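Undergrad: Pulled the feature table from TrEMBL, pasting it below:
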- 21-47: transmembrane segment (TRANSMEM)
- 67-84: transmembrane segment (TRANSMEM)
- 91-110: transmembrane segment (TRANSMEM)
- 116-136: transmembrane segment (TRANSMEM)
- 148-169: transmembrane segment (TRANSMEM)
- 181-199: transmembrane segment (TRANSMEM)
- 270-297: transmembrane segment (TRANSMEM)
- 303-323: transmembrane segment (TRANSMEM)
- 335-352: transmembrane segment (TRANSMEM)
- 358-375: transmembrane segment (TRANSMEM)
- 395-419: transmembrane segment (TRANSMEM)
- 425-443: transmembrane segment (TRANSMEM)
């Protein structure tokens, strides 16, 4: 066996990062910012539902506003990454916070649906589309070995906060009316300012450790040509969670340019994966927004709706904790987890309509909340597992596709509601998004398995 030793003075050394305590400040900032972004969607029906029914059809208006919000937020991810290439996380976060504040407080002075969609969907969607990548990039740059742990902990704390949000929104709406609810959302948006300021540019401190690598002569032979190139690819790491893959173009006397590769759009497997993820994400987010409307249409009082939504998010939290424990012991493909969660959610969505009693609907919503974890949590990991070397590009293009799907689904929901005046058909449309994901992914799995069975066995080296 040959032995290769790298001395401390050698050029190839291992860099070990020392994560400082300021990283935990970034962790707190990111958790609160994510909560402020999610809170308006979690309590949308409670605060704005009654007012929406006055302006237009409640289900149509809710789906349109949330569809525009999610579409703009997804498409803004590309703009945010361009800004993050030139500005700091603090600058991008502050710009996003300003847009969210304008969008929130402007709702106090509007009286029509179009204005509401502009200020809620466009302004707030654009603002949070900037804040999300800025805060997540700051988190990614603040932790190295503990990044996965801190992101998981942030998700758990986020769900804990969201659990109490429906109760707070219901209390404020009951005692202070619509304007009080809007002021509550505006107050949360103001909190983004100080926490965005804390998103300073963070740099690791490194120490050099000598490398001692032992390889066999056979392994040395394999480290030539294409094999060497494949090994070197593992050194790449993306520091942007929502941006594009940077491709350096060297121009003499000019700065390095960045270009985005669109070759993935020619990959049918990538398009199938992205469409499935986008359909499921859109269905999940729209379902959360309209479910209070559906419950209110069945004559359920606001306090019971708030309790039901808290149970929904509480089961989501329980599932996230359970998934974290199980994932530490058993390695399962994230795409399989996502597929199973989507399939079981279809069954529970259908079961939700089987009975109109509050107890039954609460049980079904609890089951859907539990399964929501298996859709939301592994979503970025599905992209990472299949396109690890192109994650930044793959995730950016997924966001664009997701934004387009959001827009199309919002328009379809509005059209169906206008033509049929049926909330049940809208509900079935959202379930249909899950069904399309399951069918397309299942078809891909069957085709891949057939190709694998038809491939001749490769001879093994002695």
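Here the Cβ of each residue, glycine as well, is placed from N, Cα and C on the backbone.
Describe the structural context of these features.
TA: Through the fold, the transmembrane segment (21-47) approaches residues 62, 65-66, 69, 93, 100, 120, 124, 128, 131-132, 135-136, 138-139, 142-143, 150, 153-154, 157-158, 161-162, 165-166, 168-170, 172-173, 178, 181-182, 184-185, 188-189, 191-192, 195-196, 198-200, 202, 285, 288-293, 296, 302, 305-306, 309, 313 of its own chain, all at least 6 residues removed from its boundaries and within a Cβ separation under 8 Å.
Long-range contacts of the transmembrane segment (67-84) within the same chain, counting only residues at least 6 positions beyond its ends with a Cβ under 8 Å from a Cβ of the stretch, are 41, 91-92, 95-96, 117, 120-122, 124-126, 128-130, 132-134, 137, 240, 242-244, 282, 285-286, 396, 399-400, 402-404, 406-407, 409-411, 413.
Long-range contacts of the transmembrane segment (116-136) within its own chain (CB-CB distance under 8 A, at least 6 residues past either end) are made by residues 29-30, 33-34, 37, 40, 48, 55, 61, 64-77, 79-81, 83-84, 89-90, 92-93, 95-104, 106-107, 110, 189, 192, 196, 199, 240-243.
Here the transmembrane segment (303-323) has long-range neighbours at 42, 45-46, 152, 155-156, 159-160, 162-164, 166-167, 169-170, 291-292, 295-296, 337, 358, 361-362, 365-374, 376-377, meaning same-chain residues at least 6 beyond its ends whose C-beta is under 8 angstroms from one of its own.
Long-range contacts of the transmembrane segment (358-375) within the same chain, counting only residues at least 6 positions beyond its ends with a Cβ under 8 Å from a Cβ of the stretch, are 280-281, 284, 287, 291, 295, 298, 300, 304, 307-309, 311-316, 318-320, 323, 337-338, 340-342, 344-345, 348-349, 351-352.
Within the chain, the transmembrane segment (425-443) has long-range Cβ neighbours (under 8 A, six or more residues past its boundaries) at 59, 63, 272-273, 275-277, 279-280, 282-283, 286-287, 290, 294, 335, 339, 342-343, 345-346, 349-350, 353, 409, 412-413, 416-417.
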Undergrad: Between 91-110, 148-169, 181-199, 395-419, who has the most Cβ pairs under 8 Å to the transmembrane segment (270-297)?
TA: 395-419
Undergrad: For the transmembrane segment (91-110) and the transmembrane segment (395-419), decide whether they are in contact, meaning at least 3 CB pairs lie under 8 A, counting pairs 6 or more apart in sequence.
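TA: Contact absent: fewer than 3 Cβ pairs fall under 8 Å.
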Undergrad: At a C-beta cut-off of under 8 Å, are there same-chain residues at least 6 beyond the transmembrane segment (181-199) that contact it? List them, or none.
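TA: Contacts with the transmembrane segment (181-199): 25-26, 28-29, 32-33, 35-36, 39-40, 43, 46-48, 88-90, 93-94, 96-97, 100-101, 103-105, 107-108, 124, 127, 131, 134-135, 138, 168-169, 172-173.
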